[in-house]
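Participant: Pasting a structure below so you can have a look.
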Amino acid sequence: MKVGFFDSGIGGLSTLHQSMKVLPEVDYYFYADTDHVPYGEKSIEEIRKLVDHAVGFLVDKGCEVIVLACNTATTAAITPLRNKYKIPVIGIEPAVKPAVAHCKDKRVMVMATPVTAKEPKLKNLIMKYDLENKVDVVPMPGLVRLAQNDEFSGDRLLNYIHKALADYNLADYSQLVLGCTHFNYFKDTFAKVFPNDIEMLDGNLGVSNHLRETIINTGLVKEEELVGRGSVEYYYSDRKIEDGEELEHIKALHQRLERNLKL
């Protein structure tokens, strides 16, 4: 069977990377809307239009499940997508619940894009689980651009992070929620910036487990039929990636994500 993954850029590769471990048997179609990245500062209406186009593209490819591997797209577009399409559409949300459960006597920082940070979806999630007012939300729009430019280290990255976090005492935090899939590329840098005991959480494993459960529970595939190893196709805004250099770049991104899984 075919599963479509969508993100505004390369961030969703972190979700795909995890799903390929949890569910290696299916065929994946990964769509990154690199012509229009970043999404985090666009209007809700524009995001919905762009995401609907991408999802339609994936459905036309025969995808039977769609994963929005993008917190911003999930925030802005998942409800109209579920109303329009008759196939499962799975979203991703910041891992606020486990972060609050694990923080003990310290605080939780949620890094997100401006759209995710200001929309009711995240506010309602925090209100549901943050009963002791321990969660702080920090918009980090610059990280998406840095990730898209492969700037995963260096002075420009560090200066941006230090400036964005200047008003926070980082020693107060034990949990860092990565509320944008692009942020997974920077886990090694966050580990250096925050105190040694910081725990970094994202929604990728939860989404991957949910994907597996969904295709089995909806009868799309029987569990005993999940055998072998599927394929992966990559698309950048409707363009299939077949160039060897671009595929090597994607491979290098997967390798970076694999290293960061250990952090």
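Including glycine, each Cβ sits where the backbone N, Cα and C put it.
As annotated in TrEMBL:
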BINDING   Asp7, Ser8, Tyr39, Gly40, Asn71, Thr72, Thr181, His182  substrate binding site
ACT_SITE  Cys70  active site, proton donor/acceptor
ACT_SITE  Cys180  active site, proton donor/acceptor
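Let's see these features in context: how buried, what's close, how far.
Facilitator: Classification of Thr72 (substrate binding site) by DSSP places it within a helix. Counting only same-chain residues six or more apart in sequence, the Cβ atoms lying under 8 angstroms from the Cβ of Thr72 (substrate binding site) belong to Ser8, Tyr39, Gly40, Ile47, Thr113, Val115, Thr116, Cys180.
Every protein chain considered, the tally of other Cβ atoms within 10 Å of the Cβ of Cys70 (active site, proton donor/acceptor) stands at 33.
With a 10 A radius on its CB, Cys180 (active site, proton donor/acceptor) counts 32 other CB atoms from all the protein chains.
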Participant: Where does Asp7 (substrate binding site) sit in DSSP terms: helix, strand, or coil?
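Facilitator: DSSP assigns Asp7 (substrate binding site) to strand.
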Participant: Using an 8 Å cut-off from the Cβ centroid of Asp7, Ser8, Tyr39, Gly40, Asn71, Thr72, Thr181, His182, can you name the remaining same-chain residues around the substrate site, in sequence order?
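Facilitator: Result: Gly9, Gly11, Gly12, Val37, Pro38, Cys70, Ala73, Thr113, Val144, Cys180.
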